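Chemist: For reference, the structure I am asking about is given below.
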């Protein structure tokens, strides 16, 4: 696939050069055309390269079973007892998602407890953090480490093809009205327009779909199968609101959004979730967000324990209580209702 893309881009470049040298009469128009073309081409190749050669992030040793627990797990024949072993190890990990049956997600092939949003890729034969899909176009897994690069690859591919198709359109029309001078450039005009338009249409659908996923803070896998938390599946469990969802992938500094450099938030092992209901098995602390009446927290009937460092990292510096399109501030009530946290798990 990489070899085919290289050949296609080489032919694109050759056709554009012939078109600008033979067909376009104005020198200024030639300079502008070639400048914009090469800028978009460089950004396209850069993001494509980063998507291909960025190694997918995998779970750390923290998610591997200790030697003693691993031996017990392998010797044990009963799934219930195996789950008890996994639960003991998982108590110190920032895990909120579960299988469809409510069990700890464990990869027998990689022998690791799967972090939230992590999946095993059969093509790469490894567990990939925040796996989106395995892409044959780049011959690589698209996940936490290169998802931004993949989005930019689609972006610059679309810009690249749109610019070529729009620039060649006038000469394509002249070809059909017999106003184009007779030369060998006619073939390149036809090739550039048809191929650029074809790729533009196909990339546009994939690009808009992934922009929608970014806005919802979902992966392709989560779009087809909602992550399962201890309280059940919730397709919007990781959605923090549109602006924060964008920042999860592209980062806080907008000046780096269009550059193929890694700026995604987090470490890939834990992710902030919407705060809806308390997870009874996960130790948490009733934190008081700004604007919340102090009595609402003090009136909570459920006593909780302090957050560990990993859980503090998961929840971040603020409470996220935003819905997908219409965000709401922290709720107050006369009955002093407790703040609760929504936790999802993946099947």
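Keep in mind that glycine also has a Cβ here, set from the backbone N, Cα and C atoms.
As annotated by TrEMBL, domain 'Palmitoyltransferase DHHC' applies to 105-224. Residues annotated as transmembrane segment in TrEMBL: 6-24, 31-49, 149-169, 189-212.
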Chemist: Could you please provide the mean pLDDT value for the domain 'Palmitoyltransferase DHHC' (105-224)?
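Modeler: Per the prediction, mean pLDDT sits at 90 for the domain 'Palmitoyltransferase DHHC' (105-224).
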Chemist: I'd like the per-state residue tally for the domain 'Palmitoyltransferase DHHC' (105-224) from DSSP, helix first, then strand, then coil.
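Modeler: Computed counts for the domain 'Palmitoyltransferase DHHC' (105-224) are 67 helix, 16 strand, 37 coil.
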